Amino acid sequence: MQTELSMPASIRGNTSAYMDWVQMLTGAALIVFMWCHMLLVASVNLGTGVFDALAAFLEYTYMAQIGGPMIGVVFLVHFALAIRKIPVTSVQQKGMWNQARMLRHKDTWLWVVQAVTAMIILVMAGVHLWAILTNLPITTAKSAQRIQEGGWFWFYLVLLPMAELHVGIGFYRIGVKWGFVGRRGRKRFQMLEYAITGAFLAIGLVTLFTFATVSL
Ligand code: HEM
């Protein structure tokens, strides 16, 4: 089988462009998933009955059993494509760091934050997915017990900002890189990204507090 590097330059160029597309599309799908996920989990703030009813609906329609592993696969494909551009050796990382310091451009720093959060999310979201999907059905009682007695409160306190930063910056970068947002609209788009990230962080913290205090 031909590796990408042993292919003629024209084919290599196409392959790389397709990979960029799939990386963007899987990233966009994960952004939409995360927004829905945060709102679904936040339904516990409206009452434990609301959360349990939504979780039961996802179970009944097999969205949890089938959709859950599918998200895991999209997550892995996204990672496998994104790692092509993330500096992994210490020499590459040092080069990236020096370039970012030299360029002094906000978007370059945003990219550095995205690369660092990606590594943390890869491990933590993998653990989270396993913990949830091997312990179905999802119920308020189980989630609250995990958070109150299983030490998951601190785990989510780290994963939440990592995921929201990654999703927020990803949203901004898709808009800018793929030309959905022009140079003139960039500042306003950045403000929108800050607002969305801030709102989801706040919702996540309130939800975490609710799980931590709901009676078992
Ligand atoms: C199908 C996939 C997923 C399911 C079914 C799921 C389900 C859940 C559930 C039930 C909770 C409540 C807490 C608990 O029960 O332990 C939760 C919380 C959380 N999940 Fe997921 N999750 C999924 C994927 C992800 C992914 C991919 C990420 C991050 C990249 C993520 C990040 C979080 C965070 C940060 C919290 C804490 C929420 C908060 O502070 O309000 N989840 N998830």
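Heads up, the Cβ atoms here are built off N, Cα and C, so glycines get one too.
The following features are taken from TrEMBL:
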TRANSMEM  21-42  transmembrane segment
BINDING   His37, His78, His128, His166  heme b binding site
TRANSMEM  62-83  transmembrane segment
TRANSMEM  109-133  transmembrane segment
TRANSMEM  153-174  transmembrane segment
TRANSMEM  194-214  transmembrane segment
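Annotated features, which come from TrEMBL, shown on the structure.
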{"residue": "His37", "record": "heme b binding site", "DSSP (3 states)": "helix"}
{"residue": "His78", "record": "heme b binding site", "DSSP (3 states)": "helix"}
{"residue": "His128", "record": "heme b binding site", "DSSP (3 states)": "helix"}
{"residue": "His166", "record": "heme b binding site", "DSSP (3 states)": "helix"}
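No contact links the transmembrane segment (21-42) to the transmembrane segment (109-133), because fewer than 3 Cβ pairs that are 6 or more residues apart lie under 8 A. Only residues 6 or more beyond the boundaries of the transmembrane segment (109-133), in the same chain, are considered here, and those with a CB under 8 A from a CB of the stretch are 64, 68-69, 71-72, 75, 79, 82, 86-87, 96-97, 100, 146, 152, 155, 158-159, 162-163, 165-166, 169-170, 172-173.
It is His128, among the binding-site residues His78, His128, His166, whose Cβ has the fewest other Cβ atoms within 10 Å in the structure shown. Of all the Cβ atoms in the protein chains shown, 13 others lie within 10 Å of the Cβ of His37 (heme b binding site). Within its own chain, the transmembrane segment (62-83) has Cβ neighbours under 8 Å at 19-20, 22-23, 26-27, 29-30, 33, 55, 118, 122, 125, 129, 132-133, 136-138, counting only residues six or more beyond its boundaries. Beyond its flanks by at least six residues, the transmembrane segment (194-214) meets 34-35, 38-39, 41-42, 44-45, 48, 140, 143-144, 147-148, 153, 156-157, 160-161, 164-165, 167-168, 171 of its own chain at Cβ-Cβ distances under 8 Å. Checked against ligand 1, the binding-site residues His78, His128, His166 give His128 as the ones with a Cβ under 6 Å from it, listed in sequence order. A Cβ distance under 8 Å defines the sequence-distant neighbours of the transmembrane segment (153-174), meaning residues of its chain 6+ beyond its ends; these are 24, 27-28, 30-31, 34-35, 107, 110-111, 113-114, 117-118, 120-121, 124-125, 127-128, 147, 180, 189-190, 193-194, 196-197, 200-201, 204-205, 208, 211-212.
Same-chain residues with CB within 8 A of the center of the His37, His78, His128, His166 CB atoms, the heme b site residues themselves not counted, are Leu30, Phe33, Met34, Phe75, Ile121, Ala125, Ala163, Val167. Maximum C-alpha to C-alpha distance over the listed heme b-binding residues His37, His78, His128, His166 is 18 Å.
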